[in-house]
Amino acid sequence: MSELQPIFDRLYQGQTISREETKALFSEIVEGKMDPVAMAGMLVAMKMRGETIDEISGAADALLQAAKAFPAPSEATRTQGIVDIVGTGGDGHNTINISTTSAFVAAAAGAKVAKHGNRSVSSKSGSSDLLAQFGIDLTMAPETARDCLDDLGLCFLFAPHYHGGVRHAVPVRQALKTRTLFNVLGPLINPARPDYMLLGVYDPMLVRPICDVLKALDVKRAMVVHGSGLDEVAVHGETLVCELKQGEIVEYYLSPEALGLSRAAISDLAGAGPAENAEITRAILQGHGELAHTEAVAANAGCALYVSGCCDSPQQGTALALQTLASGKAYILLQQLASASQSDNLGTN
């Protein structure tokens, strides 16, 4: 710890630190070596000044290096490229599970989706809460998850299963009761290291910085979005987008109408607990969900299909997602994944 003291001193003086220095600090955290008081001081110092691109990237580097390894997928999967559909959470709205449901649709439409998720942060039902309702084994072995990705086009990676070291920060984060750098790290530390990302953030001020971070982390293509209060592509208002493509970042707004969708009220997307949200997801994936639910999922799946190269525009992606939902293929995929996650046919638990 003593050799890191000069880094702490610079933080306390309001100075920025490098990507490598931040990586060193966060490596201490995930190895359980950092004093909780020092950890709190570090996180608050960064928060008060505002975390830099290098600092967020360095923290992600440390957590990815410490994570349980995800086995290399097949050559076909690597050639096509992997996409994640993920949000920071913490937007304060308790909506249905849009990004999780969208993952099934994007995969059923042809994308290779490795979704990294956790239990709920702000809503009554997070990604893993929902999946457990469908009998999807969240603690499946990494080899089983890899086989699901190769064979079915979809796997879910439960964050605590891969990032055990993050538990060392939990007491400090709970005691601070405020957002810190950890609140934006979750979407950045997918152990499958996706090539493409649709990433929703809880604050419009984060859209550009997080896109810069994805570029620094060598993500090939991405859309970072904030949809009128939600960490999703919105159907109730405009979505602010920063798109990363071929090393360039462009910023624009996307409306529901531009995607060929009707505008809904945000109240139409209200979620409930895991059991109720599971029934909502089941209805959507079977092709008879409520219009606002179906279109919200199609918008997000459609943008994921676009960013992963399956379609030439978000509009085309959304149309393909709607066709996929109407066919019921996404629900069949859910059933296949539940079966595969619990069986030894694709790997060992």
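The backbone N, Cα and C atoms fix where each Cβ goes, glycine too.
Listed features, source Swiss-Prot:
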type	residues	note
BINDING	Gly87, 90-91, Thr95, 97-100, 115-123, Ser127	5-phospho-alpha-D-ribose 1-diphosphate binding site
BINDING	Gly87, Asn118	anthranilate 1 binding site
BINDING	Ser99, Glu232	Mg(2+) 1 binding site
BINDING	Arg173	anthranilate 2 binding site
BINDING	Asp231, Glu232	Mg(2+) 2 binding site
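Known features from Swiss-Prot, placed on the structure.
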residue	record	DSSP (3 states)
Gly87	5-phospho-alpha-D-ribose 1-diphosphate binding site	strand
Thr95	5-phospho-alpha-D-ribose 1-diphosphate binding site	strand
His116	5-phospho-alpha-D-ribose 1-diphosphate binding site	strand
Arg173	anthranilate 2 binding site	helix
Asp231	Mg(2+) 2 binding site	coil
Binding-site residues (His116, Arg119, Arg173), the one with most neighbouring Cβ atoms at 10 Å: His116
All-chain count of other Cβ atoms within 10 Å of Asp231 (Mg(2+) 2 binding site): 27
Spatial neighbours of Asp231 (Mg(2+) 2 binding site) among the binding-site residues Gly87, Ser99, Arg119, Arg173 [C-alpha, 10 Å]: Gly87, Ser99
Local Cβ density at Gly87 (5-phospho-alpha-D-ribose 1-diphosphate binding site) - other Cβ atoms counted within 10 Å: 27
Distance, Arg173 (anthranilate 2 binding site) to Thr95 (5-phospho-alpha-D-ribose 1-diphosphate binding site) (CA atoms, angstrom): 24
Cα separation, Glu232 (Mg(2+) 1 binding site) to Arg119 (5-phospho-alpha-D-ribose 1-diphosphate binding site) (Å, whole number): 17
Spatial neighbour of the residue listed as 'anthranilate 2 binding site' that is closest, considering only the binding-site residues Gly87, Ser99, His116, Asn118, Glu232 and their CA atoms: Asn118
Under 8 Å by Cβ from Glu232 (Mg(2+) 1 binding site), counting only residues of that chain that are 6 or more apart: Gly87, Thr95, Ile98, Ser99, Gly200, Val225, Ala296, Asn300
